[in-house]
Amino acid sequence: MLKFQTVRGGLRLLGVRRSSTAPVASPNVRRLEYKPIKKVMVANRGEIAIRVFRACTELGIRTVAVYSEQDTGQMHRQKADEAYLIGRGLAPVQAYLHIPDIIKVAKENGVDAVHPGYGFLSERADFAQACQDAGVRFIGPSPEVVRKMGDKVEARAIAIAAGVPVVPGTNSPINSLHEAHEFSNTYGFPIIFKAAYGGGGRGMRVVHSYEELEENYTRAYSEALAAFGNGALFVEKFIEKPRHIEVQILGDQYGNILHLYERDCSIQRRHQKVVEIAPATHLDPQLRSRLTSDSVKLAKQVGYENAGTVEFLVDKHGKHYFIEVNSRLQVEHTVTEEITDVDLVHAQIHVSEGRSLPDLGLRQENIRINGCAIQCRVTTEDPARSFQPDTGRIEVFRSGEGMGIRLDNASAFQGAVISPHYDSLLVKVIAHGKDHPTAATKMSRALAEFRVRGVKTNIPFLQNVLNNQQFLAGIVDTQFIDENPELFQLRPAQNRAQKLLHYLGHVMVNGPTTPIPVKVSPSPVDPIVPVVPIGPPPAGFRDILLREGPEGFARAVRNHQGLLLMDTTFRDAHQSLLATRVRTHDLKKIAPYVAHNFNNLFSIENWGGATFDVAMRFLYECPWRRLQELRELIPNIPFQMLLRGANAVGYTNYPDNVVFKFCEVAKENGMDVFRIFDSLNYLPNMLLGMEAAGSAGGVVEAAISYTGDVADPSRTKYSLEYYMGLAEELVRAGTHILCIKDMAGLLKPAACTMLVSSLRDRFPDLPLHIHTHDTSGSGVAAMLACAQAGADVVDVAVDSMSGMTSQPSMGALVACTKGTPLDTEVPLERVFDYSEYWEGARGLYAAFDCTATMKSGNSDVYENEIPGGQYTNLHFQAHSMGLGSKFKEVKKAYVEANQMLGDLIKVTPSSKIVGDLAQFMVQNGLSRAEAEAQAEELSFPRSVVEFLQGYIGIPHGGFPEPFRSKVLKDLPRIEGRPGASLPPLNLKELEKDLIDRHGEEVTPEDVLSAAMYPDVFAQFKDFTATFGPLDSLNTRLFLQGPKIAEEFEVELERGKTLHIKALAVSDLNRAGQRQVFFELNGQLRSILVKDTQAMKEMHFHPKALKDVKGQIGAPMPGKVIDVKVAAGAKVVKGQPLCVLSAMKMETVVTSPMEGTIRKVHVTKDMTLEGDDLILEIE
């Protein structure tokens, strides 16, 4: 008996009680014996197999699965009551096409009926016949109908006989390329090749010209042969921009045929459906009537039974053309089920048992459209790379569910392996709503809930489709995707949690990602962050700057009573003591406290210099992001950066437009004071930097680099007159503030008094700023002398980050001036709390701390004049190479090298040049005299040669002769400012290159980072693409990773906190990987990490290097089915090189350039991973 329920104005079939009573048939139709089905085998895999199993279970029918050797881990074999292996030793697809094995399983296991699903053998008449011959029912049309409908040429003839309009095309499969030529001569282009024995987009190619004909014919034939076992093709006229409408039909064995209305499958890519809609929106009722009546008429013409689909193209004039009949269940049958409340699989089974449609309560007048349904096929394809299939292991799978959402899936679960052997479909998501916009909203919400990690998916693309106004309006055709390129403006998933786990796992397996100079673990104690009051910080000098501009700011500084301080803790202090390794994570922690308690600072030095490239190179963080985040936390204190004149923040010369743009963007991101210097005090370089900073609206602070001793009358090269003359030039050029940059700490109190008082007398209204290092130990005394001589600002570092090669102690300066006219008005007790935090933070960076090898400063700096940061580096390098006892020789060589080069101003990059020459002399056992005597024969460091060529400017007093001429010989020399001859850099072109290289949104900041440090930036972007931003990790985890069983929290952003526990690390597998297990927010996660040390001993196929022109990599994982070139062959751009097959789709890899094949790294039948090197072109 039947049970029905009234649903939204229609009747819903709830179920059929299985009995032995005969079905009701028309009086004029022969009554058939009712034969209940007790066991069904699905000759298919994946989600369609599971869909049928579920229907069978609901009907009390036992289920049988078949699976290939490659599918042993797939879910469909677990969802059945029984599962059997087929196609042993066969290729993955061939296993499911092997009829003898399938029939054997059916007969040996008492199977009553076989459901073919879709694809594979579902439209093979010989399979339907084989089932019938074996006494097993085929759940589908009769073999004869399958044959007729599967042969698209015969189906076309039947349609014509039935009076159904068809597209002009061949009457039978073509046997040669010549026939395709003849057809195109008759009907013109475009034309389309179609597989004669299957669908789903396989073996389908559109051709627009004679030039494309041969290649597309070959590819279509090959795809059809691979997918359906028969490469036969037919060709027809291609209807441009049609709607693709298909009508669901259902017939029984008594001649009853009905339709279940239509579906719009117009949203396609390469003739494969991506999104399906039921019913078709804005479809004229008369056209709907013609489509459905023609479908029923065609089905009756051929005596159709069971479920099927009649497909049509509808042109822009509303004229419809028959395409084909799919004599099987369609992938998109789900949307019809949702809007009609008819379970099509139930109906298929009941019809195969001998029931009639009226038995099932299915009459045309009872079929009503209820609402709208949309199906999205979520696939493991990368839309950003032309939908290339992705393979790999699903690390995370979380689906979107809720009211109005149906999911049909198979092996979509954490740990599932997506292979290249089969279709890329992961899950079908079906949304049902009262109308099209409602269904689209539900679908969009569901897709937004999905989390799939480990493989790429097309979800971002689907979300763009769902948000497209044309789609929401329901106006779509088969060119929808091609005509809406904005659909490919994909917003990349953040994937922050999984990327963090990948990073932590990588560190646990391979050790720190940043080089660790000393094997010392970070302190286990977190630094104590002092309490910060609630509310905005008090006003500071930045408020004056924003209100009155650079000139007003300079006046306020000059008119201020008392000594002003610049805090270098955020930059130069950790550059000098901790190898510039302090992370933004630790700077941000203390930043609010500084804003609230040190608002009367002149500025905070927190950017520029070495921090820029070290941030990317070793800390894997964006220096611009550091600036932005600190600006948000410290809105009231001016920020100051170190700008290397025409070198900006790099070590070489850049085109002028790069320097100007850099300053402009730095100002936009929150930089205030630009302290501009040149390593040689070369005025043209400094003037360029000043002009760039000034035009950006920044405070221009020209810095004169100090060396020598103005108080020593025997030191005549860098005399008081030299500095005063340089100051005159800089003031004339419009500097707002004048700075003396004493990078080696050479200013003695007497020299301070002489130099500063002279500058104050000469420039009474100009703010004076003094920067020094405390290597000699006299820094506090020197800064007090400067203040007493008229300096407005001196540099200090908080106590626990001061001294040695860093700046003088903040607390000492504050205490020494307290109660005097120079009182800094900085609360001393606040300095204590600030220092306590940095004492704890410094412990986190123990592996980089200079005190690992250097226990104190040294007054010999007055002799060797080594800058603070470089003194630390040279000291460490000597000890790390076992030359600690020879550091004295290094310092002596530094002095000699300096004199050989003409007694230079020594600050980056000139200090590095002197250091390189010194180390060269020590390593080669050369004295100054020997080096000078052998200058013509020796191969000096590149930095030395380029300096002598004039690459960084002209030193005071000129180049040393004859040493320069001996070294350079015939090498070219640069006259004047080095950057003046450089052509402007095309920043727009660079931006385009970066987008092509990294495949994501590129900011103006990224462009400038790449302009300054192209290689470092590229490595940084590649690193973060794999591991994501790491600023949320604490420094201990960043450097050494977690210990097993360690639990910790990571705050991604306000209100989003991850709870993580490290569980275990597995043994090495055959691929050179270790599996690392975590618990994330209570759920088990695991990732595979390559063991870099172990992989050095294993052989793997080489990868194509993206930055090496001519290295062609596999665009996707797959199998090589054809190699079209050999070594030595000449190729042109666009020429096919090889053909890959993956997920039953073929991809032709073409040459991106003209050249000669240097080497081919693949052979036919080789299986490749993504980016595996295919060949090299030169």
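From the backbone N, Cα and C atoms, a Cβ is placed for every residue, glycine too.
Swiss-Prot names R571, D572, A573, H574, Q575, T908 for binding substrate. Of R496, R644, R977, the residue it gives for the same site is R644.
According to Swiss-Prot, the residue from E108, E215, E236 that belongs to the ATP site alongside K152, H271 is E236.
Considering T514, T1003, the record held by Swiss-Prot lists T1003, annotated as phosphothreonine. Record check: Swiss-Prot places D572, H771, H773 at the Mn(2+) site, and the matching candidate among K519, K741, K818 is K741.
Within 8 Å of the Cβ centroid of the Mn(2+) site, not counting the listed residues D572, K741, H771, H773, the chain contributes T568, D742, M743, T772, D795, Q807, G868. Between the listed recorded positions, namely K35, K39, H271, K661, H773, the fewest other CB atoms within 10 angstroms of a CB are found at K35. Cα separation, K969 (N6-acetyllysine) to K741 (Mn(2+) binding site), rounded: 35 Å. Packing around K152 (N6-acetyllysine) is summarised by its Cβ count: 26 other Cβ atoms lie within 10 angstroms of its Cβ, all protein chains included.
When every Cα pair among K152, E236, H271 is compared, the largest distance found for this ATP site is 16 Å. Apart from K152, E236, H271, the residues listed for ATP, the same chain places the Cβ atoms of G169, I192, F193, K194, A195, M204, F234, I323, E324 within 8 Å of the centroid of those Cβ atoms. If you compare Cα positions, K148 (N6-acetyllysine) sits closest to E236 out of the recorded positions E236, K241, D572, K661. Within 10 Å of its Cβ, the residue among the recorded positions K241, K741, H771, K988 with the fewest other Cβ atoms is K988. Highest Cβ count within 10 Å among the binding-site residues E236, D572: D572.
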